[in-house]
Amino acid sequence: MSKQILILPGDGIGPEIMTEAVKVLELANQKYQLGFELTHDVIGGAAIDKHGVPLADETLDRARAADAVLLGAVGGPKWDTIERDIRPERGLLKIRSQLGLFGNLRPAILYPQLADASSLKPEIVAGLDILIVRELTGGIYFGAPRGTRVLDNGERQAYDTLPYSESEIRRIAKVGFDMAMVRGKKLCSVDKANVLASSQLWREIVEQVAKDYPEVELSHLYVDNAAMQLVRAPKQFDVIVTDNLFGDILSDQASMLTGSIGMLPSASLDTANKGMYEPCHGSAPDIAGQGIANPLATILSVSMMLRYSFNLTAAADAIEQAVSLVLDQGIRTGDIWSEGKVKVGTKEMGDAVVAALRNL
């Protein structure tokens with residue numbers, strides 16, 4: 001029986017990078033006889049233009065029926081002035097929520113070939129391999145009440161709510177500990193328990209879950225200290241588990257330790273490891289249509305999909321090896337280019353990975 005993968009290119013550079021990722025996926029499908037069937041649909045601004053909403057019901061139904069979803073990126077200035085509840089980003093939040101994709105895995109890995117592209121000294125980041133586990137369907141992005149009200153003095157006041165239940169914290173903590181068990185058996189939980197009630201509960205529940213994982217060394221950091229430590233001594237971290245807002249910020253910060261956010265994939269998983277896979281970067285409307293975007297994060301998202309949703313380790317390893325071989329050849333898109341390397345565009349980078357994968 002074939003496995004269904006839904007392709008959602010999205011907006012901005014999304015269609016360009018997705019074209020290259022699909023080329024790699026189709027080659028892997030053929031080379032390793034994976035039995036995948038690919039279907040395509042729209043999300044975000046493209047869905048607003050077509051359906052009037054950022055995520056159509058029929059698209060959501062296709063996502064529910066699929067075994068995995070591969071996403072490009074959403075959003076752009078074209079849709080910035082429309083009502084907040086129907087902006088492109090709401091489609092992304094809705095599909096995560098409706099599919100129950102509560103666990104977001106964001107690796108921050110520095111390829112040795114890109115040590116000179118990092119914003120930090122090579123001796124600080126060499127060998128960097130961090131996994132950030134971010135809670136994805138709770139917290140301040142989904143909390144109610146939220147809105148804007150007029151105070152008695154006529155001034156407008158905006159407000160949001162940051163709620164977390166015990167069960168939401170417990171399930172993401174388990175993901176963090178499970179990831180730590182198959183890596184370096186070190187887990188750092190990041191919160192703001194000195195200020196926030198939700199973080200106080202977060203820390204309490206993480207401590208409870210830790211009792212089931214005696215082999216894992218657990219530490220806690222306040223988010224402001226964690227942000228500082230990521231720059232000061234990032235290799236002290238192995239797995240970080242944190243909430244939605246903090247994870248959003250810290251994972252982008254960690255991405256720059258690797259040289260470019262254009263290198264970083266992500267996985268968003270439900271309780272059964274059905275997932276949606278996407279690059280960590282956004283839609284980059286400023287470079288959309290120029291053919292210069294880095295497709296490697298999306299290609300590596302394909303590898304994560306094969307690994308986490310389908311347990312196809314050999315095919316996943318092969319894609320990662322192909323990317324590494326291309327970097328060995330000195331091939332670079334502009335965001336990771338340095339003197340003496342070969343600067344290429346989006347399509348050329350995708351073609352290079354396809355060629356490397358074909359020759360493995």
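Glycine is no exception: its Cβ is also placed from the backbone N, Cα and C atoms.
Per Swiss-Prot, the feature NAD(+) binding site maps to 76-89, 282-294. Feature annotation from Swiss-Prot assigns substrate binding site to Arg96, Arg106, Arg134, Asp224. Feature annotation from Swiss-Prot assigns Mg(2+) binding site to Asp224, Asp248, Asp252; the stated evidence is sequence analysis. Taken from Swiss-Prot, the feature site 'Important for catalysis' applies to Tyr141, Lys192, supported by sequence analysis.
In this structure, Arg134 (substrate binding site) is part of a beta strand by DSSP. Spatially, by CA atoms, the recorded positions Arg96, Tyr141, Lys192, Asp224, Asp248 include one closest to Asp80 (NAD(+) binding site), and that is Tyr141. Taking only the Cα positions, the spacing between Arg106 (substrate binding site) and Ala284 (NAD(+) binding site) is 19 angstrom.
Summary for the binding-site residues Gly76, Pro88: the Cβ-based neighbour count within 10 Å is maximal at Pro88. Within its own chain, Ile292 (NAD(+) binding site) has Thr333, Gly334, Gly345, Thr346 as residues 6 or more apart in sequence whose C-beta sits under 8 angstroms from its own.
The DSSP secondary structure for Gly76 (NAD(+) binding site) is coil. When other Cβ atoms within 10 Å of the Cβ of Asp80 (NAD(+) binding site) are tallied across all protein chains shown, the result is 11. For Tyr141 (site 'Important for catalysis'), the same-chain residues lying six or more positions away in sequence with a CB closer than 8 A to its CB are Leu93, Asn244, Leu245. When Cα-Cα distances from Ala288 (NAD(+) binding site) are compared across the binding-site residues Arg134, Asp224, Asp252, the shortest belongs to Asp252. Listed in chain order, the extra residues whose Cβ falls within 8 Å of the Cβ center of the Mg(2+) site residues Asp224, Asp248, Asp252 are Val223, Ala227, Leu245, Phe246, Gly247, Ile249, Leu250, Ser251, Gln253.
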